[in-house]
Amino acid sequence: MAEQRLAMRTQFPASAESLKPRLKKAPEFPILEKQNWLIHLHYIRKDYEACKDVIKEQLQETQGLCEYAIYVQALIFRLEGNIQESLELFQTCAVLSPQSADNLKQVARSLFLLGKHKAATEVYNEAAKLNQKDWEICHNLGVCYIYLKQLDKAQDQLHNALHLNRHDLTYIMLGKIHLLEGDLDKAIEIYKKAVEFSPENTELLTTLGLLYLQLGIYQKAFEHLGNALTYDPTNYKAILAAGSMMQTHGDFDVALTKYRIVACAVPESPPLWNNIGMCFFGKKKYVAAISCLKRANYLAPFDWKILYNLGLVHLTLQQYASAFHFLSAAISFQPKVGELYMLLAATALSFFVAVALTNLDDTENARRAYAEAVRLDKCNPLVNLNYAVLLYNQGEERGALAQYQEMEKKVNLLKDSSSLEFDPEVSEEHPSSQSHHLFLWSQSPLWKRNQLKHQHK
């Protein structure tokens, strides 16, 4: 009987509890790192106050030796705008772990944000010795060299960054270097490569479109701006550029429609109100034009182009004192633009003739301004034309003839270098100033002679 009971017991399996292996006790984290996971969790959730509390507790337990807690505390300080405090904490991290390239990168970043670009380059170079294949170090070194105006070194570092890893931001900074050097062709090549790498980046597409627009290649400009608007229909930069193209070709109503969209996104944009003002100027709504241009001038008081346009509108309205004021201000900000001197010369002459202050005709200053305009502007024939008109009216026919012949040479050069027909009454290079050129041309005896011919016809 006893044997039978024993046999029955052996038929049943052992209990599950007896087969379970005993779980090992979880390893104890060192005290320096035991709350790092909680610090990281609060930080990525952007719960910075709770993160600070945990960091404070961790630093008290470790007597200020927890590198990760100090690192995250420095990141939070930087986000809050306390750059100097973040720099000091990152330097502490670099002392605790001197072989960490990441700590040195953060030190250099804080120095850069403080405007200490030379010190930042030194720290980035130290970080590069620890990690020679970090594209971020090369990119940031290039940016620092741009601020130090060492453009050759900046190009080398940015090319190294692209060799290690291609990024949109590196292409953008490299393109900006070429723009600073005034080399539009190289800038376009860089942005073309950037667009090939990242065809949906609206900033790259818009910038490339603007460069083509600056060179007068309207077809490619419209193509890239259209692509930018395809990916982002609310891209106000692309809309503003497309509107300026339409404005250049005289489609003022269509351009104003585009500008209304931009006004909803960036109502305080100086270029927007400048372009709106010149649209109204093209439609001969001069009061509205002055109102918009003055708003643009209020938003950007040091922009010489806005001052130039204000002087142009006042000159068209024969408000010579105001025109003289705005054109003089434009020249003070941009002294090397020849056409400004041409407009200022016409304003000075017209102002003193019209007002006739003590019967003083200040043609001498007008001649000096025209001479300066001729010296600065070697391409615009209208400068020589207006100078010839001034000399002719003063009875200096020989000097007037010389300026007129110089004007004819420039016109012929423009005809040879461009497929467009040149009209002496219209400047295609400066569409916004066409009315002023017509105004000055109407003062010329040559214009009067042409008018008589048309009347006879």
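Using the three backbone atoms N, Cα and C, a Cβ is placed for every residue, glycine included.
Annotated domain 'Tetratricopeptide repeat protein 21A/21B second ARM' per TrEMBL: 65-158, in sequence order. TrEMBL lists 168-201, 202-235, 304-337 with the feature repeat 'TPR'. Feature annotation from TrEMBL assigns transmembrane segment to 340-360.
In terms of DSSP helix, strand and coil, the repeat 'TPR' (168-201) has 27 helix, 0 strand, 7 coil. Note on the repeat 'TPR' (304-337): DSSP counts are 27 helix, 0 strand, 7 coil. Residues in the domain 'Tetratricopeptide repeat protein 21A/21B second ARM' (65-158) partition by DSSP class (helix H, G, I; strand E, B; coil) as 75 helix, 0 strand, 19 coil. Proximity of distant same-chain residues to the repeat 'TPR' (168-201), defined by a Cβ-Cβ separation under 8 Å and at least 6 residues beyond the stretch ends, is recorded for 135, 139, 142-143, 146, 151, 154-155, 158-159, 161-162, 207-208, 211-212, 214-215, 224, 227, 231.
With a cut-off of 8 Å between Cβ atoms, the residues of this chain six or more beyond the repeat 'TPR' (202-235) that come close are 168, 171-172, 175, 184, 187-188, 191-192, 194-195, 241-242, 244-245, 265.
When the repeat 'TPR' (202-235) is classified with DSSP, helix, strand and coil residues number 27 helix, 0 strand, 7 coil.
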